[in-house]
Amino acid sequence: MAGPMCLCGMMRLLTALFIPVLITSVGLCLIFVLLFICTRLWVQRKKKVEIGKDGKKKKVVAFFHPYCNAGGGGERVLWCALRSLQKRYKDAIYVIYTGDKDASEEQILNGAAARFNIKLSHPVRFIFLEKRGLVEASCYPRFTLLGQSLGSVVLGWEALTKCVPDIYIDSMGYAFTLPLFKYLGGCHVGCYVHYPTISMDMLSVVRSQHARFNNAAFISNNPVLSRLKLIYYYLFALFYGWVGSCSDVIMVNSTWTFSHILDLWKCSDRTSIVYPPCDVQTFLEIDINQHKENEEHSVVSIGQFRPEKDHPLQIRAFAALLEKKTAEQRAKLKLILIGGCRNDEDELRVSELKKLSSELGIPVEFKVNVPFEELKKHLSEATIGLHTMWNEHFGIGIVECMAAGTIILAHNSGGPKLDIVVPHEEQQTGFLADSVDSYAAAMDHILSLTPEQRLSIRQNARLSVGRFSDQEFEANFLASSEPLFK
């Protein structure tokens, strides 16, 4: 009898414990659902309706781009996307969520015209956000990915409560805002992915314990810390995959990004490659037959002053090149770094690069936030276009260098390797490298070519970049984003 009685006692105990837990769980779920419904209704009530001349409700199309006044390739995508949508959907209202409070609407639009030669045909409204600092990497010395992602949710909530759109497009890579606008805002949501927040390559770097800009040496040298970081990355990748899968339309900028986004988001039916717009036509106007064979040779780099661009590698490679040259030859070579600074952190990085060039004893010219015409002038005079970012998602600056007639030397990875610096009709279009020595050797080789050999490579490169024009981007962007407007 003791056995059955003991079993009955166990069952009564489990029942006594299970029922309160079940009731509590159901209660919490009901509270969550009720809270969600109330929040969604509250957000929907904030939605403003404007009626067009035809009596129909105007659609509000909003782009989430907290750094819209920066001068990088991502901003060129934003302005070209806006221009293309305004041409097709003339009656829509266009909004940009931005944190650029230090600039007026007019200054931002004038900046886009000066840097990218882009002018919009219709007005655009700016929603200025107060909490952009929450997505600054400097706020999160540890757990940077998680911190910035959670910060983007808070920033996204501020954006949503200030303006509830019909169509929401994240054009800067803040995927954690997508479920916010879809489920609370009731919006059709789309995104243009320049670079996955986390990738299989990042997991591989941590797993192999290699030190990089996003994997500190004290972690890579410690097996326990590397294991913990790997777990953190895997969990983050799961959440990143879920928030990304909330998007109704997914556009990516290269074969490399496409592959990684499919691995993480698993939405092949909604994902398409839309190469970013490059102002190739303006650069194709440069005559490459007359001015490229001066005795002096400049090496020009285009790219925002961010850590992943690896400008120190450019400076060290150029220093290694100069070591191979005589004093007379060194005097005829110069390195020019052209890029945009988004914040104080980027400006500090420029100061550190200047210090590095001084320590190595080499002259480097820094051109920060320069207008478009000055950028064009430097490219028209350059012999080599230099790019050093590992696993660059695409590389608009690379395409611009090729269109301008420079001989491109890019990193042997990512978009440059898979999409851009590839043979055109079986003819060479540029060079690839991946270390200080290989970059220095490649630059030395380019300078040793005859003028005729260099001209042949330039011409092949120019012929290959037509697929990256503004016109191609606009056609593909409109085709991919069309489901959002149905």
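Cβ coordinates come from backbone N, Cα and C, glycine included.
The stretch that Swiss-Prot tags with intramembrane segment, taken from the ranges 163-183, 394-414, is 394-414.
Long-range neighbours of the transmembrane segment (17-37) within the same chain, counting only residues 6 or more positions beyond its ends whose Cβ lies under 8 Å from a Cβ of the stretch, are 183-184. Helix, strand and coil counts from DSSP across the topological domain 'Cytoplasmic' (415-486) read 53 helix, 5 strand, 14 coil.
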